Amino acid sequence: MDPLEARQLIPAAPGSDDEGRTSRARLCQAVNLPANGALVMPNGEVITLTAPAAFKPACAPNTTPAIIAGPGGTTGAGVDDAAHVGPQFSDLSDPFYASTFPQCYALAATTVIAYTLVIMLVITPRSFLDGGIVVLGRRGFTSGGSGHGIIGGRPWLQKVAALTVAISLTIATADTFKVAEQQYAFGLQNARELQDKVLNGTELKIIRIISDTFLWLAQAQTLIRLFPRQREKVIIKWTAFALITFDLIFDSLNSFQFPGPGNSRPGSFTDAIPALSYLFQLALGVLYAAWVIYYSLMKKKYAYYHPQMKNICFVAGLSLLSILVPVVFFILDISKPEFTGWGDYVRWVGAAAASVIVWEWVERIEALEREEKRNGILGREVFDGDEMLETDSDATWPQRSRATKGPHGDGDDDDDDGEGGRRIAVGDGTGRRRARRANGSHDSLAADSGRGRNHTQLWTSIASRYRSRPNNGADVSETEKDNTRQTSKNVRPAAARFLQPPLWPARPPPAATPVSRTDTASADSTVYAIRYHPLTDVHSRTTTRPTPPPQLSTERQSAVVDVSGTPTAVEDVRSHDQPSGSQSASPSPPRDQQSPGPPNLVRLSREETRRERRQSLATTSRTGTRVGPDSDDPSASSQQGGESSRGSESTAAKGWRTLAQTLPFRGGTARSAEDSSDSQSTTSKSRSKLQVSREGKSDRWDLRNRMEDFAVTQAERIRERIRPTPDTDSLPVTVIPAPARRGAALAQLLEEDESRQGSGRPRPQDDERPILGSPTLPSSGQRQNSMGPEPLSSNDDLSDSHIPPPAVVRAASRANTSRSTTRDRPPEP
């Protein structure tokens, strides 16, 4: 408050009446005397005012004038007794819209709105329509809100922003009451001084910077949700990050390095930093408003009015009002600076409402759009510019580091091109964890394989984690490995491309004709490791693999076959190797005498599968005494069976008996529940034993893997305790028989024939059994041919041409009936 100027209030000596009228006209003005002022009387007495007072000259009327504080602290209430009667006020005070009353009311209203927004964000999510549930995909900044797929779920950025705004306005309200109380004690009302003292508080400056940051981030996330194209999402994200960073820097400098009453209005800027801070705030607000209005115009069919949701017009009005607040107050700052004494509080809560209400508006628009398009074509919008986000095939197969040594510690880089190296996806945390586990287990298993042990463990671990790698043998000597490595260097690019296709292939070109399932890139370039399961009918749809190098031994090929690690697969390898040694005793076509060319990793063809079924039936009926299903001499067959099953009689009987009991074409015969339970228990026991041995040998020092397995086990136990598995054993069971399959009569005929042969009757010759030489059940020559260098074509599958006609089946049935009748007839004397 400005001090009073020294002037003469009371004349020193009375003069004439003319002089008195002149001085009265000059001094006829009421004067406000502030507190702690001193009045000096003519006799030298000094009077100190303990409270504000008013001096009334002699010309003043009897009525008491009103005391109104002006900008300088003094206000004159001049009264001319000749012209007017009554109190008169000067125009030196602030207008009402710039006084303390509108400021206090605006602050109270914005505080209530801020807390209302917080309550809206924390209430229970709800859905607007039954079929209008919006699913936003995975969590993340560029993928929407909380990611739960329920309308009403809010992102945490909006919650934090609304909460910080409510806290900031609460602090501003408390400071405003303190300053207003001080002014009331002095009898003053200064709105600008009140606002400057409140906004220049240190606590409010800090919380305001934090609140503004979260507000801009929440608005950026809302904009990202509006546009579905990934390119637009990325552009919005990085543009918003840049503008928010600059705004944060300049706002901090403006608050702490350039404090002052003239740094908040455009017309009173004296430095560049306050102007830049105001410019970035205005740019963020205007850009957000422009993009939201553009989105509403694109969705004008649902945005402003819809018959299924008539209150959407109210939400649209609130959204437009909240996003236009920065533009409106920018115009007011330029035109009427005094009017916006309380505009900062409105901008504050308007930014929070612009994010929350617009999010609600967008959810309603998407709900209406999904409800209307629910019966349309299923799928996802694909844009032309999204190819830029696809991963290149070269980037997904990074070369192994030179510091990483090979399985035998030689440290060479032979596997860097993709033939034997480890391959994981770039940027995938799960892939990196799996690769670390695979590295430890692969190194330990390779050390064991160098000593000629754990073939099953080695190939099971590799087949379960990687593609097929034919150069990682189990029982190959060092010389053979060097030769193989030297040979592979000559054909490295083609072999690498053939054996290691990219995990994420590029988008195929649009095809004008239907896609051929046999003429695809996957069938020509992918090598699959197939695990044989007795309950599935495996058909080979892969093309011919190239013949392996001649350095590969028989033990290596047998090790490649063993990919499942079960006793059944081990016995399968032995049964494959056994007939090769007895080919000289049985006649076969010239094609059958050829050496088995490709390894048995991928080849489980149709003839081989049928041969396995037939051999399993023969082994089951004869309890391991017969090896070749098409042997002509029973004595020779028994001799061969004794030689082949001498070392593994018990394992073969158990494995093949289990396989025969679980074959799918034996569904026509009645099987008891005990047999099924026994087979399942045998298989589970063998798998559990193999798993225990594998974990005990390869993962002994893999502490991280063991800790993760322990955590998973404990989590499963806790989940079972919280939500136990429902008891389904007591529920009624209805057995629905399967429909008759094509070839069921043939299978039944074969089973009856095998049962008669197992009961001790002489076995008919192959020329008397036309059915057994059919393509459905291959003979020994066909079985050898299926493993030879001429495999079946990828276009071959089960069709009607491979199934014998009903006439042949009936003829075979009559022939078998006549033979059985002849055999049962007593011999003639």
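Using N, Cα and C of the backbone, Cβ positions are placed for all residues, glycine too.
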I'm curious whether Pro34 and Phe258 share a membrane side according to Swiss-Prot, where sharing means carrying the same topological domain name.
yes
May I ask for the residues of the chain that lie six or more residues beyond the transmembrane segment (312-332) and have a Cβ under 8 Å from a Cβ within it?
266, 281-282, 285-286, 288-289, 292-293, 296, 302-306, 339-340, 343, 346-347, 350-351, 353-354, 357-358, 360-361, 364-365, 368
Does the structure show the transmembrane segment (339-359) and the transmembrane segment (234-254) touching, where I'm treating 3 or more Cβ pairs under 8 angstroms (sequence separation 6 or more) as a contact?
no
So what's the mean pLDDT when you look at the topological domain 'Cytoplasmic' (181-233)?
88
